[in-house]
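Trainee: What TrEMBL records for 6-24, 45-66, 72-94, 120-148, 154-177, 184-203, 223-242, 303-321, 352-375, 381-402, 409-427, 433-455 (among others) is transmembrane segment. According to TrEMBL, the feature compositional bias 'Gly residues' maps to 487-503. Here TrEMBL flags 487-511 as region 'Disordered'.
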Amino acid sequence: MASLNWLDWLFISIYFYFLIAIGMQSVNRDSADDFAVAGRRISGGVVFASLAASFIGGGAVMGTASSTFSDGYVFLFAICAFSLQTVLVGQFVAPRLRHYQGAHTVGDVMEAHYGPAARLLTGLLSVTVCAGILGAQVLAVGTVFHLLLGTSKLIGVVVGVGFVLLYATFGGMWSVVKTNVAQFVIFSIFLPVILLFEVSHAGGPEALMASVPASHTSLLGSWTPLAFIGVFASFLLGETLVQPYAQRAFAAKDPLASRNGFLLAGVFSVGFYFVTASIGLVARVVYPDIEPDQALPTVVSELLPVGMSGLVLAALFAVIMSTADSYLNATAVSFAKDIYVSFLHRGAGERLLLVVQRLVTVVVGVAAAFFALSAPSIIDALLLAYNLWAPTVVAPLILGVVWGFRSRIAGTAAIVAGGGAMAIWRWELHEPFGITALIAGVAVNIVVYALAYVLDPRAYRLHAQAEAEAEFARTASANVAGVGLGSGPGHGSGPGLRSGPGPGSGPGPWR
């Protein structure tokens, strides 16, 4: 436990006060568009800060430090696959997502290309993945309170979830984005401070490197090439365009802001991962006998001076809570839009949608706190669904958004086949030949998609921007005349396009 004095507690209290003050500035936002995508008005710089704050969570900090303590910089090289993925998405996918006018969720886009069944499956996967990651962040908040402040996990979970619920329920995406930016600034400044104190305590860079085991600075360390490829692939594909990240693309004020935000976040993450990995590496030299999971907590409690401990703890809370609020909002938006409005209450208007989103925010937040405290194994089970995202949604989503492919059969079949293959490879075959279930599932997903697309007589591909614009204009006119705009794909609007692939074209009853 860190030895804190009144100054440390003051800094921690100020952090929570400003978190609420910033978050509550947006409580009067009263549209579903504001709640889900911040009115589609955020700049590239805000996309950058909010996106980085969303994917840099407890695992990215404490997990990276712990893994580098054990295995060395090989883990840093592997996790940089996530940085590469973010840059590639920013260059090729995120700007196109911004063209889907009216889209709030990944399910919106999937329905535009593959029909309502694909939307439902995507929505269920989004909700499960987001809920699992949210639960892990809630548990991380409780753990930090327990290890570094000496309180019970119950107090930590209640405080963390309570503060996030207070602003995320009423302010939605606007509140989440504003607090994300503040949290990003805090942890970007103060987490590198930990590394500076560590290096100084170790006697400087030269003395430090002389004491680091040689295996900890080599490319593969003690890993086999196949093991490295498996972990690299997991970071490259595992979280590609999950709901919180896709929301940032939808929320950008224009495609350029979306592109720049993702590119900057990807580049920034390389430096940030280097800092957190180096914290673990230096801890290996300074405290070689501790458990790997204690690398970061030990450094905070043992090395930092009075006052600085409070600031760094505030930075740790910022890291975890910025991810928690993003995934909480994403879970609510996915459930309300992809499941409730699309299948349970098709006639729901915007006001009802907003009420449902807020209600689901509260329910999911309370449930995450309960499971984190009383049944952490449920969180573990939900996190297993993390392995389902890449083998089901990623390839069809990118093929649809970037190349304009459309096929009800191909999209749905690929989702089911990829998920089934992943499950069988992992739990029945126990990952033979050292090939991870994620890689096997992605391979099956792509093969089945290709076969189904070729065999589907209704398969269609948008070939030109003008064609996309004309088809969308015809569809929008039909929707206005029929049901009216404003409640999502299949209910009068849906993600449309100013350029690039979008709904409303291609043969078949879902046109």
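Just so you know, glycine gets a Cβ as well, placed from its N, Cα and C.
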Trainee: Per the definition of 3+ C-beta pairs under 8 A with sequence separation of 6 or more, do the transmembrane segment (72-94) and the transmembrane segment (352-375) touch?
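Mentor: No, the stretches stay apart by this measure.
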Trainee: Are there at least 3 C-beta pairs under 8 angstroms linking the transmembrane segment (381-402) and the transmembrane segment (223-242), leaving out pairs fewer than 6 apart in sequence?
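Mentor: Per Cβ check, the transmembrane segment (223-242) touches the transmembrane segment (381-402).
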Trainee: With Cβ distances under 8 Å as the criterion, find the stretch in 45-66, 120-148, 184-203, 381-402, 433-455 that has the most pairs with the transmembrane segment (303-321).
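Mentor: Out of the listed stretches, 184-203 contacts the transmembrane segment (303-321) most.
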Trainee: Mind pulling out the one from 6-24, 45-66, 184-203, 381-402, 433-455 with the most Cβ pairs under 8 angstroms to the transmembrane segment (409-427)?
Mentor: 433-455
